[in-house]
């Protein structure tokens, strides 16, 4: 199945209630795995150091009230009712908000932007009005567009949120699995359990990361039932504890108990907020995974099952602890102590399975956000494996997977306790939420065109709550909170260095591109022999002739009869429709047989393999030739700004030219040192539509294209080495000569998305002095 076609067919269908409920059920296993396992460690981390559970129960009631209102304000009010509406054509996450702002305020950091990109369907469909209504919004928009410092700050803000998500991809599996395994403390002797928890947790984590290459869809059918079983389990146990131990615990839901709690505990209560914060870990997944489901399905799943189950679970733990002030073992306050003894082993197994599901969701989410960063030029190129031919968006990145595994094991072995892991995880989670709050306030003004008052109220209310939790987490810097900061700092340095180097490389290409007049002066043969075949010259330029081409021409005596300058670029939308995939145009007069092809992908689009890409490209060029001649357009251009025509993939112009590969005569190749080999050549022909008529010039151009396709396709790739210019600052020399070059040597080539066959590749080396 074509992933592109299938995705857009799926989006085109109107959602029925059956579809919505099915998606809501499936979202339980993908979106809510992390959030649903938070009862395993919230109370344990909250009562670890700063506060103690007394016989007055003011502490446990105050913590329960804090948990209830935190779950109500952040996941329910903020995400379900507000943030989910800020989707980027159905996609969510930090980069979705940044993408919305890029389109509405022209603050895009991608250097290869074109006016034609603003005509994309997903680029403009959410733009209700071209300009903000209020004066303040207009001034804010113009300020963002004028000042590069503000644009860089906005990008930096989005990158910080992204880096914290990557850090959460390390910390969440560690704390979830370790907390689930910690239940053996109540069943194994004190001197033995510490030798069981860490090895078992590490074995589970190794197995989890080792299975990533199979893809989520292989075991995905198990995820939702596991989470449903876990939610029913904790809600039932919670309800039992409420009825059996303290039916009046519901009174603690009053915010008055928060006041009593903070008044009694003061500084200790404030510092304990870092543990309470863990009750909302995984809330960001509701927004980040929006592209796989729908707003309504995620809202139904959360409000109907997840939210009430979590509230019952926390109330049940509080009810049990309110009647058990002295526990007969060294086990700290936690989840398993409130589970009836006969159910502890079955609950332990279910908890481990639920922790694995929650970890799986954050790992795949980390893969997705790294793919988005890479597509937008903010992360080195990595190998991306699509693990499902049917399900859009399921990917696996080998290098990132093993790095995450090593870091996750290091955190587990280093801390060996949920306390330090909780401090680290809490800071990562709340930082992402603060970034989302800041970006959302801009979206409210610039994208939704609402009043500034609403944006200020949003950022002040939710920002104040999250800033309080952020301060409580940051104070635990030496006790574990330094881990996400260190991970985010390293990730941020990598992203900034790569983005800076990418911009400098593009600027060098623009400054050193060859003029069209130079090309025209060479004549139709380009001053050399034109050999059969199609040459695909990869370039990052959207206009002009790349310097690598002139370098190639001056060093080789022959070139292909058809040359296509291919630019594969990302645009700030999640998906580009197949009928808008290609921008095609002539370079110079048509007898030169030189074409420019700009291939546009969204940051969540699937890149096709080489065979599919070649067929789409050649067929689209043929359709371009037919369309410009049938429309009476003049393709001859003698100036630098060549006009480009939007052409879709093969599946989008079924009434146009189609390509057919037929087996031709078998050619026998004889070698005296080996048995004869029968080689098959494929004849390529275009199936032309009945009308309109194609003129003689177009027929000749199509004939040459067919002959060139039969002769084969060669890829001409630039292989650049960057060096800072003499006289550059020490920082620039270090960043370019060492930082960027180290990342470039240890990452995939920029053309890996073409899946270029090595046998058909020619590389042109150049040194860039930037």
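Positions of Cβ are set from backbone N, Cα and C atoms, glycine also.
Curation does not apply to TrEMBL; its annotations are automatic.
The following features are taken from TrEMBL:
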- 20-40: transmembrane segment (TRANSMEM)
- 23-520: domain 'K+ potassium transporter integral membrane' (DOMAIN)
- 60-81: transmembrane segment (TRANSMEM)
- 153-175: transmembrane segment (TRANSMEM)
- 195-214: transmembrane segment (TRANSMEM)
- 221-243: transmembrane segment (TRANSMEM)
- 269-288: transmembrane segment (TRANSMEM)
- 300-320: transmembrane segment (TRANSMEM)
- 345-370: transmembrane segment (TRANSMEM)
- 391-415: transmembrane segment (TRANSMEM)
- 427-446: transmembrane segment (TRANSMEM)
- 453-475: transmembrane segment (TRANSMEM)
- 481-501: transmembrane segment (TRANSMEM)
- 532-769: domain 'K+ potassium transporter C-terminal' (DOMAIN)
CB contact flag for the transmembrane segment (481-501) and the transmembrane segment (195-214), at least three pairs under 8 A
no
Would you call the transmembrane segment (427-446) and the transmembrane segment (153-175) in contact, using three or more Cβ pairs under 8 Å, pairs 6 or more apart in sequence?
yes
Please work out whether the transmembrane segment (345-370) lies in contact with the transmembrane segment (453-475), by counting C-beta pairs under 8 angstroms that are 6 or more apart in sequence and asking whether there are at least 3.
no
Can you name the far-off residues of the same chain, 6+ from the ends of the transmembrane segment (300-320), with a Cβ under 8 Å from a Cβ of it?
20-21, 24-25, 27-28, 31-32, 35-36, 38-39, 42-43, 60-61, 63-64, 67-68, 71, 75-76, 80, 228, 231-232, 234-235, 237-242, 244-247, 249-250, 252-253, 279, 286, 335, 337-338
Tertiary contacts of the transmembrane segment (221-243), as residues 6+ beyond its ends and Cβ separation under 8 Å
25-30, 32-33, 36-37, 39, 249-250, 305-306, 308-310, 312-317, 319-320, 338-340, 343, 347, 350-351, 353-354, 357, 360
In the same chain, who gets a Cβ under 8 Å from the transmembrane segment (153-175) while lying at least 6 residues past its ends?
34, 41, 94-95, 97-98, 101, 107, 109, 144, 201, 205, 208, 281-282, 284, 288, 355, 358-359, 362-363, 365-366, 369-370, 373, 378, 404, 407-408, 411-412, 415, 418, 421-422, 424-425, 428-429, 431-432, 435-436, 438-439, 442, 483-484, 487-489, 491-492, 495-496, 499
Among 269-288, 391-415, 453-475, the most Cβ pairs under 8 Å with the transmembrane segment (195-214) come from 391-415
